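Here is the structure we will look at.
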């Protein structure tokens, strides 16, 4: 029964080794999770409450989004972009509704056309345009319309649009 | 005793003799029986043609053929197509069995109702009219034989039919053995056009058994065109008869062709019977159809994205901008522009939108609702947004003073006048219905002194002078359109969502209304007067505008958008002299162009 503790003692004493309980350091964990791709990040959000909270952080998804889009001058006007995206629904939503399905669709295209097909990136401006249209559709009319039809402009991307 | 193979021998020879008259005359040429010498007891000569007839059956076969020939030559309602249809299922190499079954099914002696073959046969054979009947028997017999040879090689088919060479140009086509030839197939030859139309009306009572969908597709198109021609010539009876055939043929088709045929047939029916034009649908319903069309096909998205890109580029460095939208509808174009303006380097401008829409029957203010939604969006992303809605039943009712801001509000804080953009997505063509309206509107646009005018129009010529011209063009255009809707929306691995099917049905209805308008309406009712890009270019140039080239950014964005569509392979974005077109395979279907006021146009307001 003392074996694990003895092992730990030995490990701690060896040079160059440090043990960091990852769950104690949220920012570090967020930094790590930000290097995942979209699907894995969503899966990581199912691990525990802490990880779930981190996986909902906009900053994490912002990193994920920017990694997957080809945007000219990503760093330029990043601050302005942040507020706009936040207003439209956030980076997590942007990924889920626009970038993720678009990447899946392009991957499918690449698969069909073979690896020789030119690699196409989802452009940020295109993704944002689609996102803004979707956001607009969700706005709903003012008083007078009871049942708002679910937004449909993103149906062409092939994934069922989450009406939440 | 009649010998079958002796006739076959003659068939195989170079002498193009009609078999029928020979047998009818009862001539018998005794030939040595060679069947016994054949292996498996199969008749040698017929085997060379692909028939497997046991030598022992030869006599019976010959007898039955003679009976069949007699049966076919009598005057009665023809069951020939039916026979042809039934027997195409039998193994043609088993001639005996086929003949047996044929004769057992014949209760009443059928008659060949083949007018052109008779005509051509008499021409070909030089027979007098009295001999028309036996020669009429020959071609049906030959064609009947020819019908039941789908698996026979082309070479043997060629050899077999050489005895009816004179009649063969119109009826038989050895290259396509897999076809059921009824007499109406002669319509495919151009020289028999008028015969074809009379034929079609004659054969409409016959049950049309479909074997080859491709051929019925061609027949369907021919029937539609013939019906349109009849309508143009005011021959309403013929047109009506053809309509019945069209609906029968259309039932055999599937997918886009069936829908297109259905809509065109309905439109033709409306025109023939002078039904009142489609009632002006509820505004909500029209918007619904439009928004489903927006979603099911990339055309409208393409239009919006390319127009937005042009407007964005024209607005660079302006702090106050004003967009006038000739057809606001649901305002789906503007969220993307608002977002792009919000993110442009240098910050967003102050944005004013003037939306124009038709009057609504139920007095609700749809324009204001759209404006409200857009202003909510603009506020959330930090744009100074103003909206004004204009209700106008026609664009020609607008005056420049109504649209522009009063002089005081038109300048930004630096005194620079606001930049005006005029956007028209599929709205201008409706003005062609009233003379003078187009010139007035273009004059109004010029008076607004816009930095850019974006025009998106369908790339088609549906405004030709004659009805037939318009009909033909519309048939091709909407066929491509429906085809693209059907195949462009395929989601590949995923199954077709039920929702997507519903949206497609609505999109189809949206196009169906257009078809009805093009075909069934006339005069001021016919508002769907699409014209080609070339004509629009000429029109705009004449009105004093000069073209602005849509940049490579627009092209790239459009290409990326198309890449996201599952059937993206079929869609093509092309650039033509600065204008972008989106098409399905080789056919451009929608074109975006941008214009600015030319230097020479300095007219007083």
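All positions are counted from 1 along the displayed chain.
Heads up, the Cβ atoms here are built off N, Cα and C, so glycines get one too.
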Review point. Can you check which of B:369-401, B:402-434, B:435-467 TrEMBL lists as region 'Leucine repeat II (LRII)'?
Key: B:369-401
Practice item. Determine how many residues of the region 'VHIID' (B:290-355) DSSP places in helix, in strand and in coil. Key: 33 helix, 12 strand, 21 coil
Point to revise | Structural state census, the motif 'LXXLL motif' (B:428-432) (DSSP three-state) | key: 5 helix, 0 strand, 0 coil
Point to revise | the region 'SAW' (B:520-596) [mean pLDDT, rounded to integer] | key: 88
